[in-house]
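A short worksheet on the structure shown next.
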Protein chains: 2
Amino acid sequence: MKEFAFIKSLKNLSSADGLHGIGDDAVLTDGLLIAKDIVAEGVHFTKYAPLQNIIFRLFTANVSDIAAMGGQAEKALLGVALPSTLNKEKLTEAVRYACSYYDIKLIGGDTTSSISHFFASLTIIGSPSENILTRNGAKEGDEVYLSRPVGGAAAMLARELAGERVYEHYLYKAETELGEYLGGFGVNSCIDISDGLGRDASHIAEASGVRIELDSRLIPEYGISDAVSSGEEFALLFTVPKSRAKEMEELIHRDLKRPVYRIGKVKKGAGVFMDGEDISEKGWEHG
Amino acid sequence: MKEFAFIKSLKNLSSADGLHGIGDDAVLTDGLLIAKDIVAEGVHFTKYAPLQNIIFRLFTANVSDIAAMGGQAEKALLGVALPSTLNKEKLTEAVRYACSYYDIKLIGGDTTSSISHFFASLTIIGSPSENILTRNGAKEGDEVYLSRPVGGAAAMLARELAGERVYEHYLYKAETELGEYLGGFGVNSCIDISDGLGRDASHIAEASGVRIELDSRLIPEYGISDAVSSGEEFALLFTVPKSRAKEMEELIHRDLKRPVYRIGKVKKGAGVFMDGEDISEKGWEHG
């Protein structure tokens with residue numbers, strides 16, 4: 001639920017309860033978080049990619065949208081348009097695996113045939129934590145955090161696009177545990193990395209009306225350029241008031257036995273900069 | 001949300017709150033009715049069909065699923081995969097029209113490109129009425145009702161498939177007002193006609209463990225054979241205890257200023273018969 005230039009054009013149809021509508025990772029309505037992602041063969045995956053991996057990434061993208069809002073994904077509806085050559089048993093197995101991995105109950109869906117390519121749509125329903133995390137809550141003085149190293153997806157995608165049958169980047173996991181934890185803790189803003197660190201940080205900067213300054217020396221990475229532009233990472237990027245940052249790091253370390261990475265600061269102004277260079281447009285164009 | 005042989009195969013993932021899961025028109029979860037339909041170019045519509053009509057029918061199919069459960073459609077998430085040739089302004093206008101017609105708020109969605117055909121997926125969220133109408137509540141002795149004449153969609157579809165540019169059947173309306181009214185009144189079972197009267201009646205018969213006997217002389221129609229097999233009509237088929245049938249007819253006449261049509265009876269047994277002939281398999285194969 002990221003690329004909605006078209007959907008956004010339907011402006012006066014798009015305010016959800018006047019609260020969190022189009023523009024965040026998921027929408028909050030009737031006390032539920034709902035996200036929807038679609039994927040198409042030839043755009044999001046090649047016909048050689050294993051069904052298991054394609055379906056897993058579709059689930060991950062949706063589950064990650066809920067995690068980035070601080071919630072927990074619980075239920076799903078799946079729609080598929082199936083070319084006659086598609087192996088339905090493998091598809092069933094792939095859906096079963098993804099549901100099982102993320103502990104999601106499949107509650108409905110629709111199946112049809114396709115005279116050309118494979119197309120799938122997933123609607124995810126999640127329950128919010130105490131706090132709804134959005135993109136527009138970053139405040140001047142916040143510390144900026146990244147949940148884990150990024151860049152690997154871009155590196156593997158490059159190999160896939162060069163013809164190698166590399167599909168491990170489809171299996172990156174959504175940050176379900178951390179997302180829910182941050183929702184309980186209540187950070188100021190949060191987004192998942194699906195368009196690239198540069199561009200996703202700029203979504204926060206724009207929505208919050210702030211400037212984000214990142215320090216390349218702090219970024220856990222597989223290579224700086226990859227780290228900035230690699231999409232579909234599903235790491236979380238979030239900002240926390242300086243006064244609560246140390247407490248948050250310690251709690252996450254204690255309760256989740258993992259680190260998170262402080263990578264920069266929120267300042268007055270606009271845009272996203274790394275070591276002074278504007279990186280707000282650096283990202284991955286998908287679909 | 002009709003053809004879910006594949007989805008159904010995911011049995012142990014499919015029980016929604018133990019209440020109404022896969023098998024009904026929509027699913028009831030967290031106090032909401034949710035339905036999802038997908039359509040694909042070349043399967044549900046031809047590339048000559050006007051976008052306005054394609055999108056309207058996609059909305060109608062989903063809204064009708066909510067109406068058939070006795071609820072009211074309120075919000076939607078739309079996913080589209082767009083070929084480069086598709087006119088985005090016309091699509092926006094089509095979505096705006098459908099949302100406006102059915103008084104639905106678009107709260108989210110996802111847009112991507114398609115390297116081949118046009119695909120669309122709609123998720124509809126509705127609020128239930130006092131009673132949730134299902135397919136499995138028909139009882140021996142119930143009267144069987146149809147909300148309006150059927151058969152026109154099949155006749156026009158035949159002309160479209162013969163090459164005529166006839167797309168008016170895409171504009172059939174969902175029975176929103178009646179569905180909600182029946183939900184308030186509390187009929188025993190309800191379904192919308194999307195697969196054809198014969199087959200949809202058999203969905204009720206199977207789910208309820210009863211036999212349905214229809215009388216051809218009672219059926220309001222454009223031609224009996226069309227009436228039995230015409231799908232995508234979005235009329236409602238419902239059953240009411242004999243003791244409440246007259247009261248219901250009178251209330252609908254008084255409050256909605258319209259008729260509904262008594263077309264048969266619910267008996268002990270199995271299957272769907274018209275004048276003694278088994279019509280349970282007569283329907284329209286789509287997708």
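Here the Cβ of each residue, glycine as well, is placed from N, Cα and C on the backbone.
Not measured: the values here are computed from a predicted model.
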### Query
If TrEMBL gives B:ASP25, B:ASP192 as binding Mg(2+) 3, which of B:ASP37, B:ASP65, B:ASP215, B:ASP226 does it give for that site as well?
B:ASP65
### Summary
Model confidence over the domain 'PurM-like C-terminal' (B:139-272), as mean pLDDT, sits at 94
### Distance from B:ASP25 (Mg(2+) 3 binding site) back to B:ASP37 (Mg(2+) 1 binding site), taken between C-alpha atoms, in Å
10
### Message
Among all protein chains shown, how many Cβ atoms are found within 10 Å of the Cβ of B:ASP25 (Mg(2+) 3 binding site), not counting that one?
### Response
28
### Task
Work through the binding-site residues one by one (B:ASP37, B:ASP65) and point out the residue whose CB has the fewest other CB atoms within 10 angstroms.
B:ASP37
### Task
For B:HIS44 (substrate binding site) and B:SER194 (ATP binding site), determine the Cα separation and express it in whole Å.
12
### Message
Please report the Cα separation of B:ASP25 (Mg(2+) 3 binding site) and B:SER194 (ATP binding site) in Å, rounded to an integer.
### Response
10
### Cα-Cα distance linking B:ASP65 (Mg(2+) 3 binding site) and B:ASP110 (Mg(2+) 1 binding site), given in Å to the nearest integer
22
